[in-house]
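See structure below.
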Amino acid sequence: MAQKQVQEYCHGWCRRYCSVHLGLAMSSAQPSRMKDAERGGSPTTLHAHRAIDGGTGITVLIHAYAVARDMEEALSCVRRMKDEGIEMSLVTHSILVDGFAKMGNIEAAEQWFKEAKERHSTLNAIIYGSIIYANCQTCNMDRAEELVREMEEEGIDAPIDIYHIMMDGYTSIGNEDKCLIVFDRLKECGFIPSVVSYGCLMNLYIKIGKVSKAFEVSEIMKLAGIKHNMKTYSMLINGFINLKDWANAFAVFEDVIRDGLKPDVVLYNNIIRAFCGMGNMDRAVRIVEEMKKERHRPTSRTFMPIIHAFAKAGEIRKALDVFDMMRRSGCIPTVQTFNALILGLVEKRQMEKAVEVLDEMLLAGIKPNERTYTTIMDGYASLGDTGKAFEYFSRIKDEGLELDIYTYEALLKACCKSGRMQSALAVTKEMSAKNIPRNTYVYNILIDGWARRGDVWEAADLMQQMRQEGVQPDIHTYTSFVNACCKAGDMQKATNTILEMKRVGVKPNVKTYTTLIHGWARASLPEKALKCFEEMKKSGLKPDKAVYHCLMTSLLSRATVAEDYIIAGIHRVCEEMVESGLTVDMGTAVHWSRCLRKIERTGGDITEALQKTFPPDWNSHRNLNAASNDTGNNGGLDTGDYDDGPFFETDSDIDDDSAL
């Protein structure tokens, strides 16, 4: 809030306070004071002090500065009160606690709360609500609970707002059970849940990824006769967008219109995100125009998803057009806007253009932040360009920017992708020196790096370190470790890892099973691969193209022994692929065709079944290849090019995904 706004606020507040609470008439007995106040030419402090004498006037001013988030000026007023020997009231202390709470300064809030307890014999729910809010904002729920118990012991009844504050606090730490306990307690104390109460529950479920539960709460709220407001509708839309459930996101938006509510900027921004997520950027741009017609001013958050989506789609010209639209709308591009453009380019691996945008950013006088450089580092890391990743890492250091966990993750990814594991170890040592703890993602990157080398011992050591540090392995951790075991040929350890996953409640996914099937294929044990495939389906997972490729290549490699279970397996897998509408690429078709020649030189049942999965233009390709062979030219398709089969060339893809 600007100084002029503070002044206007104080002046208006003082007049209302005088007329309503003090019953002071603006009489001719105070002409000079009122003229000064009406002119507005004196300093703010003088206005407030002249309007109301003593501590009340200064308290008004403290309140104004607290609202303006200017706590330094608020404290200067406190010092003035003390200098003049004016006793601070409970209201003054409450204002200070609330002001520091909203600034996120928990230490100062606690300090003034402590002083309030020492100076006043009794406190009220207002000051308790402020200090509880401060602790909930910093996720210090133990202290918040202690304060609630203290209120109860003092016989102070908590208003419904404190229940909402506690629910939000538990939401921030993802504690569903305690949030529900507070909701039930709210009802036990005679409060009727409001739209805010239900909104707190919806917010909880959306943040922990249980959008269906949030929708259930929404329905319960409707049955209770409570209508949604813009905030609760925005929560639901945001939840469905996070799940990429565009249909339900738009359905909720239609409910907003049907209820006669006017979408606000937040809701419009969420709908724009939905259109961008489903790839309909043109519709997203039209929503911006609709916002303007409804007299809503677009913000940088409005344009960021559109810019990012166009950049990710490789439509740089359109992304830059949106930049121009943004400027014309009176919204100056920020570092976050440029970051959205850079992120889109990085995701398309267009690193040269991403660096060009960085240069444009500097020319525009906008200083890159940690996120800017980390995004570029991440792009070079995905390409395995360790040199460039370290170059931008050095820039962060040189420019005095903060080195956070995300920066180190990008650097580690670059080292591990390029196989420079000793460099990765040096990076982890630097993290330890800076007291940056290794999280699950960091461990996943490191385990994946050793998995690429097939070094199961180093990977196992990292798994042990995770447990010792209390970092929980996730599905990606286990999948990377299974990959390390498979590459080392230790299929027993790989199988035991799958059993351990199930034992600790981590369900293997398609990528995990694909990795294990791949391992059995490498070990030339197609019967084990086939058994693993059946186990995957029994667990309720649907095989994807990579699984079929891997399994079929494994079966064909052993089909020359003509064992019944292998032949039956080939037929069964072919039928499933056809039923699923899966068609292999030309390279795979060529490789499988060469395998078939060793089994059925003149064609047969297997050839007929397998060719149903080949590309539509397979016959023309085969005829062209045959003509080339007649002239002694095999068209460059040497059998040696396909020794491991096309699928096995995608090891790196499995490794990358397991580290994400």
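Using N, Cα and C of the backbone, Cβ positions are placed for all residues, glycine too.
According to TrEMBL, the features are:
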type	residues	note
COMPBIAS	640-660	compositional bias 'Acidic residues'
DOMAIN	408-553	domain 'PROP1-like PPR'
REGION	617-660	region 'Disordered'
REPEAT	89-123	repeat 'PPR'
REPEAT	124-158	repeat 'PPR'
REPEAT	159-193	repeat 'PPR'
REPEAT	194-228	repeat 'PPR'
REPEAT	229-263	repeat 'PPR'
REPEAT	299-333	repeat 'PPR'
REPEAT	334-368	repeat 'PPR'
REPEAT	369-403	repeat 'PPR'
REPEAT	404-438	repeat 'PPR'
REPEAT	439-473	repeat 'PPR'
REPEAT	474-508	repeat 'PPR'
REPEAT	509-543	repeat 'PPR'
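Counting residues 6+ beyond its ends, the repeat 'PPR' (369-403) has Cβ neighbours under 8 Å at 335-336, 338-339, 342-343, 345-346, 349, 351, 354-355, 358, 361, 409-411, 413-415, 417-418, 420, 423, 434, 436, 656 in the same chain. Proximity of distant same-chain residues to the repeat 'PPR' (474-508), defined by a Cβ-Cβ separation under 8 Å and at least 6 residues beyond the stretch ends, is recorded for 440, 443-444, 447-448, 450-456, 459-460, 463, 466, 515-516, 518-520, 522-523, 525, 528, 536, 539, 541, 654-655, 657-660.
For the repeat 'PPR' (159-193), the residues of the chain that approach it from at least six positions outside its boundaries are 125, 128-129, 132-133, 135-137, 139, 141, 144, 148, 151, 200-201, 203-205, 207-208, 221, 224, 226, judged by C-beta separation under 8 angstroms. Here the repeat 'PPR' (404-438) has, by DSSP, the following mix of helix, strand and coil residues: 26 helix, 0 strand, 9 coil.
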